[in-house]
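Residues or ranges marked as active site by Swiss-Prot: H36. Feature annotation from Swiss-Prot assigns active site, proton acceptor to H84. For Y39, K80, D468, G505, the entry in Swiss-Prot reads ATP binding site. Taken from Swiss-Prot, the feature Mg(2+) 1 binding site applies to E82, supported by sequence analysis. According to Swiss-Prot, the substrate binding site annotation covers S83, H84, N85, H86, R105, Q225, E293, T294, Q295, S508, on the basis of sequence analysis. Residues annotated as Mg(2+) 2 binding site in Swiss-Prot, with sequence analysis given as evidence: D106, D251.
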Amino acid sequence: MILTLSKTEMEVVRRVLGREPKEAEWKLVDALWSEHCSYKSSKVFLRSLPSTGPNVIMSVEDWQDAGAVDVGDGLALVLKVESHNHPSAIDPFNGAATGVGGILRDIISKGAKPIALLDMIRVGKLDDKGKWLLKNIISGIGFYGNSVGVPVVGGELSFDETYNDNPLVDVACAGIVSKDSIVPSVVREPGLRLVLAGFTGLDGLGGASFASRKLSGMDEIGAVQIADPFAGKIIIDVTLEIAKEVEAIKDLGGGGLAVAVTEMANGLGAVVNLERVPLRFEYLSPEDIIISETQERMLFAVKPEKVESVCAKFREYNYPCEDIGEITAEPKVRFLYNGEPVAELPSDLLLSPPLNVWPAERKPRKREPEREVALGEALRAVLTHPDLVSKEWAYSQFDYEVGTSTVVKPGQGDSAVVELPNGKYLALKGDANQDLCAEDAYECGKAIVAEAYRNLATVGARGIALVDHLQFGDPRKPHVYQDFIDAVRGISEASKFFSIPVVGGKVSFHNEDKNGNPIKPTPLVVMAGLVEGKLARNRVEEGDLVLIGETRNELAGTLFSRIFGGGGEVAKTRLMEDLIASNLVIKGINEGKITWNKDVSKGGLAGALLPILAKGFSVRISSSQVIGTSNLLGKMFSESGGRFLVLTSDPQWFMYQAGRMGIQALAIGKVTKDGSKLVLDYETFPMDSIVENYYSFLEGSL
C-alpha cells in the first residue's frame, strides 16, 4: 500500500508519539489524514461557506455524514453529494455502483429514507475507452439504484476531453425523516458499544489514500470496492428499522473502520476487538481489517442493553452483526487482536492533521479575438454536440418511477420533482460548468449556484439548501489551488446572496490525466427547493416566445468557444438579475401564464430552443428583439446568466411585469406546428437532421 503522508506529516506523528509508529498505525494515520477524509488542503477555505439558516437542522458539522433542513410538517430533508471518480476510472461498473451504495448509506445514517438519486456524469471523447467507461458507469448506477428501489430522478451527462483519463461520477441523494428522529453520526458519552453489521473483505484496501493521489494505473484495482446491492437493501431496511434504538450511526466509507470508529468517537476514545469483526475471508490480517473499505457495512453506537435486539434484526436476514468494542472516556483509539495491541493512537492526533495552505497563483488568461463562423455552421456544430442531445438512452436504464413519488421525470424539465409525504413538491438539480470554470473559477462558482437556482424556478420552486462537490487537480499546483480558492469564493458569495445554506459537500483533488495535466476545474452544486404555489408542467404548443433577461456578447467559456475556439468576454454573473428573473418565472407559473419554459445556459439561446425543435415544431426568431449585443453569434450562443425562454399566450404580461421589476423581457418570436425548422429573421435553417441526431446520437454512438 502506498502511503500519501508527506515527510513533514510523518515527522509530526513521530514527534507527538515520541516513537516510531507501527505499520498498522501508519495506515491508520494515512487514512485519517488523507485529503479524502481530512480536507486538510481545503478546510481553511470551506469555512467561508454559509452553513446556517432558520431551516437548517444539521449542516457542515464535523463528522456528520449528511446535512438536513426543515421542510415543514415535522419533516426534515436530508441531502448529500459524493463521487467515485478514481474507482470509476479503474473499474467503472463497481466504481459507479459503490458510489450509489455509499451515498445511500450516508442518508440512512441519519435515520432518513432515501427517496431520490441524481447522477452527474462527465466523460471524455467516445472512443473505445470512453464508450467502455460510459456504458459501465451507467450500468453500475442503474444496477444499484434499481436493485434497492430508489429512483434515479435526474442528473447531467457531459462530454469533454479533459475527462478522457479521469471521468467524474457524482451521485446525490435526498432522504426524508421526522426532524425529531434524526440520528447523529457522532457520540457524546462513553460506555456505548460499537456494533458492526456486514462482512469485511479485501476489496477497497487503501481506498481513501487511493482517492487522495493521482491515478498511476499500477495495482489500483484492489482499491476499488465491490458492489452488492442486495446486501445493501438489507442494510437500508434494517438500519431504518432500528434507527430509534441506537445512539449514532456511521457508514463505513473511505478509510473503513479506521475512519468510522475515530470519527464516531468524536474526541472520546474507542477500543475495537478486531477478532470479533465478521470476515469474508479468514486470512485477513489485522492491519487489513482496519482499513478495508468493503461495502454494505454500518457501524452503530448502541447502549449495552440494546445490542442483542439490534443484531437480532440483522440476523433475521442471515446478515452478520457483532459487538466489536466500545466507546471509552480515555481519548485514545485502540485496535486489539486477541487482546494484543495492533494500533494505539491519541484521538486528537488522528482528528487534527496539519492543515495545508498551498501557494496559489492565478493563471494568465489569454483573451483571443472572437471567431467569425457562419451561422449555419455554428448552429449545426453546437446543436449536435453530445452535451445537448437527448439523454433518454441513459435515464431509460434507471427505474425513475419506483416509489411512485416522481412527478417531473428525467427529460421533462430543467429540474427533477418528487412529492414528499406532506404533499409538498421537492425540486432537485445538479449543475456544473467546466468551460466557464476554466476561464474564470470565481465567476463560475457564482454561476453554477445561480443556474441551479434558475433551474428550480422553471418548475416553480425556490431553493432552500445546497450541497457542493469541488473537483480539481493537484492542490500543490499554484494555478489549480487558485482556481479552487476562487470557486469556493464564488459559491459562497452566491449562496449568501440567495440565502441558501450549504449543508454539506465534498472535495476531490488529484483529478488528472495520465500526463499529470489537471482536469478543467469542475465544482458542482446540487440544490434542493420547494415548489411555491403551482408546479409547472412543461408542454410545447403553438404560442409566443418571450426571452427574459439581457443577452451580452459573452462567448468565452461557452460551448460555442469550446467547439470553435476564440473567446471574447467571459460571462459575468449578475446575481440580482438571476433573482429577479426567477421571481418573474415563478410568478408567471402561479398565474398560469407559462406553457413551457427553460433557463438559457448551455448552448445559449440556440441550445434553449432545441427541445422545442425536437418536438417537431418550427421556431421563428427576430434577432433584433434579442437585445444586449449586436453580434448575431453572441445573440444565439452567449451563455449570459439571468435569462429564461418562456412559451406563452400572453407575452404582454411578461413585458409589463418585467418592466415593473426592472429587468428586460421581449417577445422574440413564435412557435408553430410546421415541422422542425428555425427561421432567423429571413433565413430558414432546416432542423430535421439535427433533431434526428438529438434522439439517436447517444445510443448510436455506444
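In case you wondered, yes, glycine gets a Cβ from its N, Cα and C as well.
Recorded features from Swiss-Prot, shown on the structure.
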residue: Y39; record: ATP binding site; Cβ within 10 Å: 21
residue: K80; record: ATP binding site; Cβ within 10 Å: 30
residue: E82; record: Mg(2+) 1 binding site; Cβ within 10 Å: 25
residue: S83; record: substrate binding site; Cβ within 10 Å: 27
residue: R105; record: substrate binding site; Cβ within 10 Å: 27
residue: D106; record: Mg(2+) 2 binding site; Cβ within 10 Å: 27
residue: D251; record: Mg(2+) 2 binding site; Cβ within 10 Å: 25
residue: Q295; record: substrate binding site; Cβ within 10 Å: 27
residue: D468; record: ATP binding site; Cβ within 10 Å: 27
residue: G505; record: ATP binding site; Cβ within 10 Å: 26
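Using Cα positions, the member of the binding-site residues K80, S83, D468 nearest to D251 (Mg(2+) 2 binding site) is identified as K80. The Cβ centroid of Y39, K80, D468, G505 marks the ATP site; residues of that chain outside this set whose Cβ lies within 8 Å of it are L46, V60, V81, V467, H469, L470, V502, G504, K506, V507, given in sequence order. Counting neighbouring Cβ atoms within 10 Å of each of the active-site residues (H36, H84), the lowest count belongs to H36. For the binding-site residues N85, E293, the ranking by surrounding Cβ atoms (within 10 Å, all protein chains) places E293 first. Whole-number maximum of the Cα to Cα distances across the substrate-binding residues S83, H84, N85, H86, R105, Q225, E293, T294, Q295, S508: 21 angstrom. Cα-Cα distance from E293 (substrate binding site) to the residue listed as 'active site, proton acceptor': 13 Å (rounded to the nearest whole number).
When Cα-Cα distances from K80 (ATP binding site) are compared across the recorded positions H36, D106, Q295, the shortest belongs to D106. Largest Cα to Cα distance within the recorded ATP binders Y39, K80, D468, G505: about 17 Å as a whole number. D468 (ATP binding site) sits 9 Å from E82 (Mg(2+) 1 binding site), taking the C-alpha atoms as the reference points. Between the CA atoms of N85 (substrate binding site) and H36 (active site) there is a gap of 12 Å. The separation of G505 (ATP binding site) from H36 (active site), Cα to Cα, is 12 Å.
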